[in-house]
Each structure stands twice: as C-alpha cells, then as structure tokens.
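Here is the structure we will look at, set down as structure tokens.
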Amino acid sequence: QTYHGCQAPETCGSWASYMTNSPTMIVMIGLPARGKTYMSKKLTRYLNWIGVPTKVFNLGVYRRNTVKSYKSYDFFRHDNKEAMEIRKKFAIVALTDVKTYLSEEGGQIAVFDATNTTRERRELILNFAKDNAYKVFFVESVCDDPDVIAENIMDVKVSSPDYPERDRESVMEDFLKRIECYKVTYQPLDPDEHDKNLSFIQVINVGRSFLVNRVQDYIQSKIVYYLMNIHVHSHSIYLCRHGESHHNVEGRIGGDSELSERGKEFAVALKRFVKEHKLLDLKVWTSQLRRTIQTAEELGIPYEQWKILNEIDAGVCEEMTYKMIEEKYPEEYAMRDQDKYHYRYPGGESYQDLVQRLEPVIMELERQGNVLVICHQAVMRCLLAYFLDKGADDLPFLKCPLHTVLKLTPVAYGCKVDVFDLGVEAINTHRDRPLQNKGQTDAILPAFLRRNSFTPLSSQDQIKRPRLYSVGNHSHTRMSQAPTLPSMQFSEASEGSETVQSEVSAQIWRPSLLVFLQLVMTEKNHKAPCSLFFYYEKC
C-alpha cells in the first residue's frame with residue numbers, strides 16, 4: 001500500500017498503486033547533518049544517468065529564497081509559531097513545484113529533500129501524493145555517531161549560505177542547537193506499528209545497516225539497491241583509456257588491435273604514475289580487449305578483466321573508418337550525427353545501451369576504495385558523465401584523450417577532477433559535436449522515416465515500448481498483411497503450448513510477442529482475457 005492507514009485499495013480512493021509507471025516522490029526524512037542532501041543529489045544523478053527524469057526539491061533553498069537573512073537557530077524552534085507558519089508555506093510552494101514537474105513537465109521522480117521529521121508533515125505529503133496519484137517512497141537517514149555528525153557539519157554546513165563570514169566554532173555551536181530544536185518534535189518512522197504500511201528504507205549510520213519496508217515496484221528496488229551501495233568514505237577513482245592502438249592510428253573504430261609503439265610508451269608512463277603517486281591497495285580493472293590488457297600488464301600488479309567494460313559495439317561498422325562508414329552507410333552516418341546518444345549501430349549498440357551495460361560498474365565503483373579503470377573512449381565518457389552529472393546531449397562529446405589520467409574524488413555535493421597528461425604523444429580520436437542546421441535535419445528526415453525495425457534507433461522513451469510495425473505503414477493494412485494463426489482454444493493452451501508455438505513459428509519469422517497477442521485476441525474476438533494472460537505466461 002502506498003498511503004498511511006490504507007488497508008485496501010478501495011479505502012485509499014487512489015489508483016496509483018495499480019499504475020506501474022505512476023510518478024514517484026522520494027521523501028527524505030532525518031535530523032539535520034545526516035547526509036540527506038548528499039543522498040538526494042547522488043540518487044538524482046544516478047537516476048538521470050540511467051534515463052529516469054529526476055529532480056531535487058530542496059526545502060532549504062526555498063527557505064533561503066523566502067527568508068533572506070538567517071540569524072540563529074531560534075527560527076527552527078517548535079514554539080516559534082511565526083517561523084513554523086513560514087516553513088509550512090514554503091513547503092506547500094515546493095509541493096506545488098513538484099506537481100508541475102511530475103504532471104506537466106514529464107518528470108518521473110521528484111526528490112523532496114527536507115527534514116520531514118513529524119508525522120503531521122509526512123501526512124501532508126502523503127495526502128498531496130494521493131490527490132495527484134503519485135507513489136511515495138521514504139528515505140530516512142538515522143545517525144547517532146557524533147563523529148560522523150561533526151564531520152558532516154564541518155564539511156558542508158560551514159560553507160552554507162546560512163553562515164556567511166562566520167568562524168567554524170560559532171557555526172558548529174549554532175548548528176548543534178538547530179539539531180536539538182528538531183529533536184524535540186522528531187518522530188522516526190515506526191516499521192512495527194504506525195508506519196508499517198508505508199514504503200521506505202532506513203539508512204542507519206551512513207550505511208552500516210538498513211531496514212527496508214514494502215518496496216512497491218522496480219524503480220523503488222533500484223533506489224534501494226543504489227542506496228545500499230554508496231558510501232561516504234574518502235576514495236579516488238582513476239580513469240584512463242588504453243594506450244594508443246594500431247586501429248587508433250589508422251582511424252578505425254572498434255576491433256581488438258594491439259598497442260602501437262606510443263601506446264606501449266604510455267603503459268610504461270602509467271606504471272611510473274602509479275608508483276609516484278603511491279597508490280597503495282589500488283584495484284585495477286580492464287576490459288577483455290587486448291589494448292587495455294596490454295596497458296595493465298605493464299603495471300606489474302594484479303588486475304581484473306570486465307567484459308562489460310568492452311568498447312561500444314559498432315556492429316557492421318566495426319573496424320571501419322568514419323570515411324568508410326560515410327561512403328558505405330551514408331544514412332547511418334547522418335543519423336548518428338543527428339542523435340549520437342540514442343543512435344544504435346546496425347547490429348551494435350548505442351550510448352544509451354552502453355549506459356545500461358555499465359550500471360554494475362558504477363555500483364562497484366561506489367562501494368570500492370581506490371580504483372584505476374583502464375577502458376575505452378565511449379566507456380570512459382559514460383563513466384565520466386555519471387560522476388560529473390552530464391546529460392545525454394553532452395555525454396557522447398565529452399573529451400577523453402589518449403594518454404591522460406583523470407582522478408575523480410567524490411566530495412560533499414559533487415566530484416573534484418584532476419587531469420594528468422602523462423606526456424606521451426597520441427593520435428586525437430575526438431570528434432566534435434556536428435553543426436546542424438534546419439536544412440540538414442530536413443534532408444535526414446526521409447531516411448529516418450524509411451527505416452524499419454531491422455536496425456532501429458534506441459527509443460528515447462524512458463519506458464521501452466514494443467515496435468509493432470515499420471514507420472509509414474497504414475494501420476488499416478497492417479493486420480490484413482499479417483499471417484493467419486491456427487485456430488485454437490485458450491483452454492488448450494496450457495496442454496499444447498509446445499505444439500502451438502511450433503505452428504506459429506512455422507508461419508511467422510521471429511514475431512513480436514505483442515503482435516502475436518493482438519492476433520490471438522482478434523482470432524478470439526477478445527474473449528477470455530484471463531486465459532490470454534495465462535497463454536502469455538506460457539509463451
């Protein structure tokens with residue numbers, strides 16, 4: 001159940017729990033200095049990276065826009081009625097913006113970043129979500145470790161706009177008193193009684209333990225999985241490409257060529273870099289392609305090979321130069337320039353596909369110590385886009401030169417980047433964003449419309465939808481052109497499913513499952529929907 005107090009959908013009066021793709025509100029809970037904003041920003045960055053439109057609504061920002069000058073912790077006292085009224089008003093303003101984002105601007109997830117420490121405030125949010133048919137997932141950060149709290153205050157709150165030109169000691173004193181103000185009215189989530197019907201995760205002492213309750217759907221399970229993998233311990237991630245390869249020199253993409261002489265020089269320089277920076281307990285990851293393995297072998301330390309770190313699959317264009325692609329596949333070449341992130345090579349991958357493939361790597365990088373990832377240009381772009389919070393439009397054009405090491409150090413609300421050029425010359429493999437004008441776009445459009453489902457562009461929709469027919473076919477001719485299926489009774493589907501499947505496969509070459517189901521429904525005049533779903537399961 002989604003809402004507090006709901007024992008059955010009929011009593012809730014909402015259909016949100018039935019709609020798998022209903023927008024979701026992630027509601028943060030916890031005392032100040034518990035890492036709520038840190039988790040909110042990281043979670044938002046991750047969800048946007050995997051293609052789920054997400055936005056943070058930080059109540060602290062709304063407060064500062066409403067109350068221009070902050071004087072002291074007195075503003076947060078529960079008996080300060082004037083301040084309490086002001087705080088409630090900007091909470092409602094923030095919820096209004098949440099509604100605009102989720103219901104009008106195409107957002108899928110809104111992260112409501114605030115303390116939300118009272119049941120009254122959470123009830124307000126739940127009623128708002130119920131009225132707008134949003135799902136709600138609470139994330140409560142519980143921490144009683146004084147060292148962690150003090151470190152958080154020093155790392156983040158000292159530089160807060162609330163404390164301009166104030167020394168660290170006075171900031172610490174005021175903020176600790178602010179925390180005490182919240183403690184007076186703090187009502188943690190109660191998984192045993194009062195809040196047992198809510199969906200939530202409790203993150204205890206920055207990830208030492210977790211309590212998860214009533215996860216509703218796939219995206220909430222992804223959120224739980226991500227939050228269980230991030231940690232706040234200091235560490236750095238080193239990203240670099242393999243040394244220059246023979247294919248790089250020849251201008252060919254993909255393939256599995258070996259290092260050039262300059263590529264071998266880079267491998268030696270990388271070994272020297274690791275030694276000079278005293279990178280102890282360093283884990284080294286490579287792809288399963290020879291150019292990354294040869295680069296890592298020179299280090300003389302253990303390394304792990306990851307197949308999912310392999311370069312983007314260029315399909316039929318593997319080991320071709322861009323000039324060859326333009327001559328042999330001019331439409332493909334033009335369409336990739338039109339939308340490089342979503343374009344999928346014929347028989348290969350898109351950048352969007354690559355992001356999905358690399359998700360396990362991100363999870364492991366979040367939970368590891370110092371790691372050196374020796375990878376490829378497209379792979380490095382995807383990883384870099386995650387840590388730097390770059391969108392799909394910018395991701396395919398991030399500069400990742402050969403023979404350069406990037407050091408990424410996660411900080412409070414972002415990531416610090418240090419660039420190390422190891423001084424070995426290499427070919428420039430970067431292609432700038434193409435300049436397009438309206439005439440070019442119009443020239444490309446007919447080719448795009450003629451494209452069938454053999455090598456489709458990866459869908460820009462956040463939710464994948466089956467492609468039933470090629471673009472350009474008229475709806476009234478589509479069903480008539482489909483082959484006729486053998487007549488069958490739904491009740492017999494479970495007994496003879498293998499026979500039915502063999503008969504169908506003999507008449508239809510690798511049919512879309514949804515087309516198949518639509519044909520069956522037409523054959524049976526939409527009868528027996530329950531049997532239909534059972535037959536779907538058997539298939």
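Yeah, the Cβs are placed from backbone N, Cα and C, and that goes for glycine too.
Database features (TrEMBL):
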type: ACT_SITE; residues: His242; note: active site, tele-phosphohistidine intermediate
type: ACT_SITE; residues: Glu311; note: active site, proton donor/acceptor
type: BINDING; residues: Arg241, His242, Gly243, Glu244, Ser245, His246, His247, Asn248, Arg291; note: substrate binding site
type: DOMAIN; residues: 14-233; note: domain '6-phosphofructo-2-kinase'
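Distribution of TrEMBL features across the structure.
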residue	record	contacts (Cβ under 8 Å, 6+ apart)
Arg241	substrate binding site	Ile374, Cys375, His376, Gln377, Met380, Cys400, Pro401, Leu402, His403, Thr404
His242	active site, tele-phosphohistidine intermediate	Leu259, Gly263, Thr286, Leu289, Arg291, Thr292, Gln294, Thr295, Ile374, Cys375, His376
Gly243	substrate binding site	Leu259, Ser260, Arg262, Gly263, Lys264, Glu265, Phe266, Ala267, Leu270, Arg291, Gln294, Thr295, Leu402, His403, Val424, Ala426
Ser245	substrate binding site	Ser257, Glu258, Leu259, Ser260, Gly263, Arg291
His247	substrate binding site	Ile253, Gly254, Gly255, Ser257, Glu319
Glu311	active site, proton donor/acceptor	Gly254, Ser287, Leu289, Cys375, His376, Gln377, Ala378, Val379
What is the biggest Cα to Cα gap, in Å, among Arg241, His242, Gly243, Glu244, Ser245, His246, His247, Asn248, Arg291, the residues listed as binding substrate?
14
How would DSSP class the residue listed as 'active site, proton donor/acceptor' in three states?
coil
Take every residue in the domain '6-phosphofructo-2-kinase' (14-233), average their pLDDT values, and give the whole-number result.
92
Helix, strand or coil at Arg241 (substrate binding site) [DSSP, three-state]:
strand
By a simple count, how many Cβ atoms lie within 10 Å of the Cβ of Arg291 (substrate binding site), its own Cβ left out?
27
